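Data block below; observations after.
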């Protein structure tokens, strides 16, 4: 099958940033053609994407698909539907399922479900420790053979530094990166939002920046000691950005991600105890928000992920202290991130680096739009203005703090290996 994407501005960092036509054949990028060039062979289906942006498929390094065990929140099928609608051609599900993804059997189950869904690619992340208990290391070798790509105890920190050292040593021997949920529970325990004047005024126990940054510094130090690759998840505060910047300057193999809510909102979004603005780490101060943007600008922050964390209404419609941490993000991440481009804080090329190229590098993938590579593509309508409406989500859950916000830009089409897995109704 031959498909010609006609009229788009292609943004592929380090490769192309201009108007070209893209030809897809048998699931692969076949050729880049000048606008107006004749079809190189007969039987080509043309998709007119004039005025649109065409980029390598977006990749989300941090999602919670909830299956197995919590299918009332999300399933692999519905999570991948949300990913496709959000422009993501690949996602990395975290291991905090039930049972935990701490063995090859669960890894294979996730991959089998993903294959049956036939949507975005799935690269499972396995647990650092059995049962996420922070004690006994999981069997990384067997999980890697089954298809696991990295390890983390996300949702919980590995509190014991010796266990984390052993994990990094073991992972390094297998060529696996270690993703860190950086949280000092002795500082964060019982907290529900950012520690600051606003939390004091509304009477909510706070979580200080130090609860995150202390553990970020520890992980960087252990990675330096063990020569491991460490990836800091969901960076939210200025001190963490500074620590990662200094670690990179020392040559430590540290990468990191943030999420759109950390450069879009502050702790003021909690407002009148809005549990949809409760996540971990929490929304921080304006100074932290600006520090995260600076980290994206100067390359300290490598990736934008979602930390897509679905919850049922019953888990959010309770007192703020008792509500579950987490928000969904697969269907809103791109449109919120495009605001950075619209406000001239990032170039479109840099945004694609954060949401596609750098996540691909983390996974050891080459997702450039060059002949012979898989045709994993996201087409974006940069001008469509709309209001975020959770009732239109295809995710099972609706827990977002962005309901009612007007945004500019929307995914028009998502393609994986030459198959259109999502196309916006016009």
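Just so you know, glycine gets a Cβ as well, placed from its N, Cα and C.
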Given Swiss-Prot annotates 181, 234 as Zn(2+) 2-binding, which of 154, 190, 242 belongs to that site as well?
154
Just to be sure I read the record right: 62, 64, 154 are listed as binding Zn(2+) 1 in Swiss-Prot. Which of 298, 302, 307 is listed for the same site?
307
Determine, for the Zn(2+) 2 site, the additional residues of the same chain whose CB lies within 8 Å of the mean position of the CB atoms of 154, 181, 234; present them in sequence order.
62, 94, 152, 155, 179, 180, 182, 183, 233, 307
Quick one: pull the CA-CA distance for residue 62 (Zn(2+) 1 binding site) versus residue 325 (substrate binding site), whole Å only.
15
Conformational class of residue 62 (Zn(2+) 1 binding site) under the three-state DSSP mapping:
strand
Residue 181 (Zn(2+) 2 binding site) and residue 326 (substrate binding site), distance between Cα atoms, whole Å:
14
For the recorded Zn(2+) 1 site formed by 62, 64, 154, 307, name the remaining residues of the chain with Cβ within 8 Å of the site's Cβ center, in chain order.
63, 94, 155, 233, 234, 305, 306, 308, 309
How many Å separate the Cα atoms of residue 311 (substrate binding site) and residue 154 (Zn(2+) 1 binding site)?
16
